[in-house]
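**Student:** One structure coming up, written as structure tokens, with questions to follow.
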């Protein structure tokens with residue numbers, strides 16, 4: 001950084017002299033006026049270029065407080081936010097963990113107190129509220145973090161402009177700060193708004209894919225376009241995203257444009273139109289009528305969801321952050337857009353590059369991208385690298401801190417593979433000593449990684465408290481679940497490694513790298529057993545089954561963001577309690593199929609059935625079942641025997657048809673089955689059921705010579 005030219009700062013120099021004169025008049029020490037003068041000059045420079053600057057105020061608490069107290073009145077007409085519950089007159093203070101509640105708002109001065117604690121998600125959310133011409137002031141030291149996480153954050157803060165009671169840095173070079181054309185800033189956003197409106201006014205089946213980096217006004221454009229449509233016609237618009245908080249700016253901008261509208265949480269209504277949020281799982285389940293579907297942060301949602309919505313809604317916009325934790329770089333383009341171009345050849349796409357809230361080349365945005373690895377891209381895997389042998393190794397926390405380029409590669413894999421990776425995950429990886437990171441390399445390219453956490457080895461009083469429901473120790477999901485929900489205390493006493501994430505480079509998948517990673521990880525990380533918990537899908541489950549993990553607990557509710565049921569699986573040898581866990585799992589999940597798991601996909605049920613332990617069954621009248629299959633009896637008279645028979649034979653069946661799963665095991669209505677399998681009504685559904693039962697009977701007779 002170099003000091004600015006004299007001409008560029010005649011204005012800010014005048015401010016400096018004014019502050020010095022004021023200090024002399026009121027008896028304020030020059031030790032204080034030097035930082036104040038500097039910060040006011042810095043703000044003028046920021047305003048000149050609509051950019052943002054960050055400063056780290058390093059000094060004792062009394063100096064910091066006095067400096068802020070003196071500075072705040074200069075920002076009296078502008079919104080000021082402080083992250084950290086320190087009382088400061090004229091400043092809105094929020095808990096350091098609650099920055100997300102400021103999504104959709106703006107501030108000109110953002111103060112962050114590190115002594116209160118550190119939450120990376122909260123910090124990243126609130127940093128987006130700081131507009132061009134604004135300043136970030138970091139105060140205090142990150143004393144609540146352990147060594148590696150603290151070193152990472154301190155190094156990040158040292159890359160800001162560091163101010164002490166004795167010294168201030170040179171002002172940034174004015175040549176790097178150029179004035180922004182406000183009209184040009186909004187040109188791209190206007191184009192985005194018009195493109196969204198065109199989805200409604202143009203031909204059907206021409207979805208729009210809208211992509212952007214953070215801060216480009218993508219979500220705001222969705223809200224502004226929705227408001228224009230609602231004001232010009234009767235419109236019912238549905239919005240979905242991983243969380244309601246992610247689309248809060250959409251509703252804020254829609255209401256600002258529609259001052260007469262009534263707004264409540266996740267909804268804006270006018271006399272003739274509505275804009276409402278629906279969680280992804282609810283939207284998938286209920287499939288409401290809608291004139292326009294807006295899917296924000298689409299890259300963070302499961303691909304099967306997006307495909308279903310494309311088929312169901314013929315006027316839809318899919319928007320996504322390409323860099324940052326909300327998106328997944330080119331993975332979104334590879335997975336979804338390529339599929340969409342085949343299914344909807346008339347689709348359109350638009351990428352926003354111009355920032356809205358700050359100027360291009362913003363200093364603070366570049367800093368944020370570096371610190372939180374927001375622009376980490378998956379590296380290309382060259383053909384010659386793909387031929388190199390795999391090497392496996394531990395990537396320790398100190399190595400992560402000292403080798404940020406390698407860490408960025410690994411983290412790009414994690415972000416690409418998992419829809420819920422967040423800034424806090426980066427700091428958990430650096431902070432939590434129970435976590436470990438295990439990586440696979442081909443040459444210089446990281447092609448796979450395992451992130452795992454050590455669990456278990458709990459003492460008897462803790463286990464008893466867990467089983468009574470009075471304690472739930474953080475970071476012990478598997479032993480807590482086994483002790484509390486399955487009543488297996490022995491598992492909580494034993495040691496466990498739980499796999500939090502496993503990721504393989506998209507160019508290297510289907511080559512067995514994931515299985516090799518697991519094998520090498522288990523060989524180098526001893527424990528009594530290993531576990532994993534994930535949103536179960538027909539794509540993921542076969543991988544874990546093939547690697548000798550067995551299911552022991554299936555959640556009863558879908559995750560709102562992923563839309564999947566959570567499945568806990570374990571792997572271990574000579575575990576006295578494993579057979580008991582398998583029997584409990586079999587009884588529980590089969591029982592829940594007709595209740596809380598009625599919406600579980602038949603394909604997943606097919607994959608789980610072979611893991612089901614055969615339970616003692618009553619005498620089954622096969623003759624009655626055969627007569628029904630051939631057209632006799634009625635369904636109600638044999639339903640109980642069909643259910644018992646399928647459960648008794650399921651472990652030996654290679655594949656049970658989705659129709660029999662839905663009607664007999666999940667006990668769905670005739671109407672629901674007709675809709676699901678596109679049949680005309682009960683008669684056609686029942687005929688299909690009879691046909692499939694007869695085929696199953698014949699198949700089993702051939703295999704086991706059953707007397708039917």
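Every residue number used here counts from 1 along the chain in the order it is shown.
Note that Cβ sites are derived from N, Cα and C of the backbone, with glycine treated the same way.
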**Student:** Kindly point out which candidate in 58, 348, 357 is recorded by Swiss-Prot as part of the ATP site with 189, 215, 216, 217, 218, 219, 220, 221, 222, 223, 224.
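**Tutor:** Answer per Swiss-Prot: 357.
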**Student:** Record lists 189, 215, 216, 217, 218, 219, 220, 221, 222, 223, 224, 357 as binding ATP; longest Cα-Cα distance in Å?
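**Tutor:** This binding site's residues have a maximal Cα-Cα distance of 16 Å.
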**Student:** Could you give the Cα-Cα distance between residue 222 (ATP binding site) and residue 504 (acetyl-CoA binding site), in whole Å?
**Tutor:** 33
**Student:** Distance check, please: Cα of residue 218 (ATP binding site) against Cα of residue 502 (acetyl-CoA binding site), rounded to an integer number of angstrom.
**Tutor:** 31
**Student:** If one looks at the chain holding residue 220 (ATP binding site), which residues at least 6 apart in sequence have a CB under 8 angstroms from its CB?
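**Tutor:** Once residues fewer than 6 apart are set aside, residue 220 (ATP binding site) is near 189, 249, 250, 253, 356.
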**Student:** Which value in Å gives the longest Cα to Cα span across the acetyl-CoA site residues 502, 503, 504, 509, 510, 511, 512, 513, 514, 515 as recorded?
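**Tutor:** Spelled out: the longest distance between any two Cα atoms in 502, 503, 504, 509, 510, 511, 512, 513, 514, 515 is 15 Å.
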**Student:** Which chain neighbours of the ATP site, leaving out 189, 215, 216, 217, 218, 219, 220, 221, 222, 223, 224, 357, have a Cβ atom within 8 Å of the mean position of the site's Cβ atoms?
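**Tutor:** Once 189, 215, 216, 217, 218, 219, 220, 221, 222, 223, 224, 357 are set aside, the remaining close residues are 192, 212, 249, 253, 352, 356.
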**Student:** Cα-Cα separation of residue 510 (acetyl-CoA binding site) and residue 224 (ATP binding site), in Å?
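**Tutor:** That comes out at 43 Å between the alpha carbons.
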**Student:** Just going by other Cβ atoms within 10 Å, which of the binding-site residues 216, 218, 510 has the emptiest spot?
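**Tutor:** Selected from the binding-site residues 216, 218, 510 on minimum Cβ neighbours within 10 Å: 510.
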